[in-house]
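Following: one structure in structure tokens, then a few remarks.
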Amino acid sequence: MSDKFDVVVIGSGPAGYVAAIRAAQLGLKTACVEKWQNSEGKGVNGGTCLNVGCIPSKALLDSSYKYHEAKDDFKVHGISTKGIEIDVPSMIQRKDNIVKQLTGGISSLFKANGVTSIFGTGKLLANRKVEVTGHDGKTKTLEADNVILASGSKPIDIPVAKIDNDVIVDSTGALEFDSVPKRLGVIGAGVIGLELGSVWNRLGSDVVVLEAMDKFLSIMDQQIAKETQKILTKQGLDIRLSCRVTGSEVKGKEVTVTFTDKDGKEQKETFDKLIVCVGRRPYTEGLLAEDSGVNLDERGFIYVNDLCATGAPGVWAVGDVVRGPMLAHKGSEEGVMVAERIAGQKTVMNYDVVPNVIYTHPEVASVGRTEEQIKADGEPYNVGTFPFAASGRAMAANETGGLVKIIAHADTDRILGAHIVGPSAADLVQQVAIAMEFGSSAEDLGLMVFGHPTLSEAVHEAALAVHGHAIHVANKKKR
Ligand SMILES: NC(=O)c1ccc[n+]([C@@H]2O[C@H](COP(=O)([O-])OP(=O)(O)OC[C@H]3O[C@@H](n4cnc5c(N)ncnc54)[C@H](O)[C@@H]3O)[C@@H](O)[C@H]2O)c1
């Protein structure tokens, strides 16, 4: 095998593996370099998302939700359950099996598409050369016409709560507990804190979430954030805002966390486990030789233009390691764009329509701008909302918490954003994302025929409500 490629991708997470597959589909001779090793020391593709992120967390979210439903929610449907028990090691094993299946699937897709999979640590040298240090310590150099950097991100660690992978863990460690902690502390009420806090709360932990900001989910639409906070608090998550962690002390199998509360007073709480999830940062350690020609921005992300090109000719970067939301699907689409650009196509990506989901139950999902952002932008707008409490389908499923909110421009009626907390919010928001991609107005969405009875009708009704035309709820404004 020659070590000269049309494209070498460094990193096989959702950004990198998708870029590699698309490049190979387009007839480009492609290699993908990955340094991840599984617990047996074997190279494995898939990156954070498949190994320790999106997929395993969803496996545990689903398992823990089934337990919660069987224990607490079946009664209302006339189903009695007795002696419901959880077997945490089996739950973790099921999650591990899913990870194994999916990561193995990437390797099969590489084979099917003719991508050369290389395990080892890739480093970009000058002139599009990539040095690969294998897991056996041997190095070799690949040459490429184009290099795509997709090295991802890693959890931010804070000195006041150092990860020991026993009592204090990050998002990876929180997927591996072998029993349910009695008291669980979570630092950071962000996406990871709420998802993992929910898993262990459902399985029986007393969960306290300490959040430094004074607003809950501060970057989300605040009407939806407030509703979400109400719902999650009712589920038992003890969410404490304006609480900044200032220290922690591990004694045996417990950790005492010190934090300042909303009144500036010092407080202490003791937990059996503590999850630190205060954000992620781009992962570039050891990735770039000094003369690679690639620059980082002031926050440590690889600097790229709108087309994901770096300052070095023929070197591109995609996914969590570049600006924009750290979302798998954003990285994948960047990977497709770059592969197609390399192949000479004119692909662009629409960063204005990237959906965002928190996989709590109910899910929280959004696309486009929030009401706060639109207000700050000084644009006139109309809002339509529809509560799931008024949806027949939601009632049938006993899932009536939450609402759909659609915001449209007051002059053009073009949809500017959709924000949902409620059953299947992730799938519902995608309907509005599709509409937005096609430049739809709220009226367009209102004119469509939606199946009955479906949860999607809540999207229809919210679009109608933008002009005061909702049928199944009293309109705030009549026209
Ligand atoms: N469902 C999904 O799409 C999904 C799931 C998991 C992770 N992710 C991505 O991974 C990234 C990381 O997630 P995350 O939840 O770690 O980060 P995040 O940025 O979503 O939330 C971190 C929170 O920690 C708080 N915080 C920071 N320092 C603190 C301190 N000392 N004390 C108390 N609170 C503190 C911040 O104010 C913030 O609210 C995000 O960019 C997210 O988009 C996405």
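Positions of Cβ are set from backbone N, Cα and C atoms, glycine also.
Curation plays no part in TrEMBL annotations; they are all automatic predictions.
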According to TrEMBL, GLY188, ALA189, GLY190, VAL191, ILE192, GLY193, LEU194, GLU195, GLY279 bind NAD(+); so which of GLU211, GLU254, GLU266, GLU298 is the extra one listed there?
GLU211
Pairwise over LYS58, GLY122, ASP320, MET326, LEU327, ALA328, HIS329, annotated as binding FAD, what's the top Cα to Cα distance to the nearest Å?
29
Of the recorded positions LYS58, GLY188, LEU194, ALA328, HIS452, which ones put their CB under 6 Å from ligand 1?
GLY188
Is any of the binding-site residues LEU194, ASP320, ALA328 within 10 Å of CYS54 (disulfide bond) (Cα-Cα), and if so, which, in sequence order?
ALA328
Cα distance, GLY190 (NAD(+) binding site) to ALA328 (FAD binding site), nearest Å?
16
For HIS329 (FAD binding site) and GLU211 (NAD(+) binding site), determine the Cα separation and express it in whole Å.
27
Near the Cβ of GLY188 (NAD(+) binding site), how many other Cβ atoms are there if near means within 10 Å?
23
What kind of secondary structure is GLY122 (FAD binding site) part of, going by DSSP in three states?
strand
Could you give the Cα-Cα distance between CYS49 (disulfide bond) and ASP320 (FAD binding site), in whole Å?
11
